[in-house]
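> One structure, as structure tokens, below. Some questions next.
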Amino acid sequence: MTSRTSLTIVLAAGEGTRMRSSLPKVLHQVAGETLLAHVLKAAPEGDGAALAVVIGPDHQAVAEEVGRVRPQATTYVQRERLGTAHAVLAAREAIAAGADDLLVAFGDTPLISAATFARLRQPLAQGVALVALGFRPADPTGYGRLLVQNDRLVGIREQADASADERAIGLCNAGVMAIDGKAALRILERIGSANAKGEYYLTDAVAIARELGLEAAVIETSEDEVRGINTKAQLAEAEAVMQARLRQAALDAGVTMIAPETVFLAADTTFGKDVTIEPFVVIGAGVSIGDGAVIHAFSHLVQAKIGKNASVGPYARLRPGTSLGDGAKIGNFVETKAAQIDPGAKVNHLTYIGDAHIGPNANIGAGTITCNYDGFGKHKTEIGAGAFVGSNSSLVAPLKIGAGAYVGSGSVVTRDVPDDALAVERNQQKVSEGWAKRFREAKTRGKTRPAK
């Protein structure tokens, strides 16, 4: 198998009108990745594995996603949407290059696995010319049935054309197919459009292969793996299946999740050893969590790196570009963005840290705000090692607070603070003795304010 070359053609030209969205269907997301990205990542890769993606004429965003996920892939445009076989032949140039195995998949099936693609190719190495992927849905209504005799696929019958006996067959066509590369164009170019819609259907390839004296077979997989996404409801169903997979994989890897069903992960989330995730945590794309870290309840993380033995939350929001050092702490109702928080630093309560670098073992008091935006651009705040910022302070960037410096509570700091210095910016406190007593007496007599 490893010596056989392959070409995977992913069909992604559909409009997806039932999604009721201006976004192309294959660019909707499951577990922080587009539907298309999931399929592209599952397709064979490495030496001898080519990849082609067929897109619509107005799908530049889809082409860009292909380039982001699999830069070596080639895109082809299906200018008229005339059926699945017509879409495959949009990549005729790639097919003609003569890979040993041709795989045809769909860009809206995010749950398909690399293992399934590998199983689909195995019969080709044994001389079978065409392999269809089948599944057994709980309700087969509407699906084409796979007709099998003596362990060989003899046809695909659409629901509308099936006899009563054929409709009783539980094995259905998933649409995914593997074809011997040497026979692929011979089969595909014989597919006609003599049907009610005047389209070219890939399912006709089975009958044509048999007419040519070639063998066809079936490989079965689960219904979940081949879920196609056509509506927002189906998108939600696929998300649920993917989340269940990701949670189980995390648990198997040793992550402690107190209530797994309340935790949402991304497809690329990575965990170290002895990580604990409390209930109602949402982890978006691009998050890595180091050994011994704890993510407390109701926290939300996206594109963030969490160091060893660090603590996040509860009720924390870590936005893209956050890097939390070993043993650092982000407490409750703290938001960070583009922030490097070094080992041992603490940001414990009610704070916004954006476009900032906080040095090792610095302490940021409750209610501190980095004022990073002046209405036109973002500016950086740098806080040195061991610095202490008192509660309710506003740090107006660009700003540097030196190592070991102190900022008095309630200060609005607009100028740099040297190492080991104290910065205090607030009005002098005024105390009027007896004022409160006079105020109460005045109110009692009906006056509005007491004498000063």
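Heads up, the Cβ atoms here are built off N, Cα and C, so glycines get one too.
Here Swiss-Prot flags 1-232 as region 'Pyrophosphorylase'. The UDP-N-acetyl-alpha-D-glucosamine binding site annotation in Swiss-Prot covers 11-14, Lys25, Gln78, 83-84, Gly144, Glu158, Asn173, Asn230, Arg319, Lys337, Tyr352, Asn363, and the record cites sequence analysis as its basis. The feature Mg(2+) binding site is assigned by Swiss-Prot to Asp108, Asn230, with sequence analysis given as support. Annotation comment: Swiss-Prot describes 233-253 as region 'Linker', evidence class sequence analysis. Residues or ranges marked as region 'N-acetyltransferase' by Swiss-Prot: 254-452. Per Swiss-Prot, the feature active site, proton acceptor maps to His349. The feature acetyl-CoA binding site is assigned by Swiss-Prot to Ala366, Asn372, Tyr373, Ser391, Ser409, Arg426.
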> Compared by Cα position, which of the recorded positions Ala13, Asp108, Gly144, Asn173, His349 is the closest one to Asn372 (acetyl-CoA binding site)?
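Nearest by Cα distance to Asn372 (acetyl-CoA binding site): His349.
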> Which ones in the same chain are close to Ser409 (acetyl-CoA binding site), with CB under 8 Å and 6+ residues apart in sequence?
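Expected: Gly365, Gly390, Ser391, Asn392, Ser393.
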> Given the binding-site residues Leu11, Ala13, Ala366, which one's Cβ is surrounded by the fewest other Cβ atoms within 10 Å?
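Minimum Cβ neighbour count within 10 Å, taken over the binding-site residues Leu11, Ala13, Ala366, occurs at Ala366.
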> Determine, using Cα-Cα distances only, which of these binding-site residues is closest to Ala366 (acetyl-CoA binding site): Asp108, Gly144, Arg319.
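Out of the listed candidates, the nearest Cα belongs to Arg319.
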> Measure from the CA atom of Lys25 (UDP-N-acetyl-alpha-D-glucosamine binding site) to the CA atom of Asp108 (Mg(2+) binding site) and give the result in Å, rounded to a whole number.
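Roughly 7 Å, rounded to the nearest whole number.
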> Name the one residue among Asn230, Tyr373, Arg426 whose Cα is closest in three-dimensional space to that of Tyr352 (UDP-N-acetyl-alpha-D-glucosamine binding site); these are the binding-site residues.
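For Tyr352 (UDP-N-acetyl-alpha-D-glucosamine binding site), the closest Cα among Asn230, Tyr373, Arg426 is found at Tyr373.
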> Please report how many Å separate the Cα atom of the residue listed as 'active site, proton acceptor' from that of Gly83 (UDP-N-acetyl-alpha-D-glucosamine binding site), as a whole number.
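That separation, Cα to Cα, works out to 58 Å.
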> Specify the count of other C-beta atoms within 10 Å of the C-beta of His349 (active site, proton acceptor).
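Cβ-Cβ neighbours of His349 (active site, proton acceptor) within 10 Å number 15.
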> If we skip the immediate neighbours and take only residues 6+ beyond the ends of the region 'Linker' (233-253), which ones have a Cβ under 8 Å from one of its Cβ atoms?
19, 28, 30-31, 110-111, 224, 227, 260-261, 263-267, 269, 271, 277
> Let me make sure I understand the span of the acetyl-CoA site: among Ala366, Asn372, Tyr373, Ser391, Ser409, Arg426, what is the greatest distance between any two Cα atoms, in Å?
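So the binding residues stretch over 22 Å, Cα to Cα.
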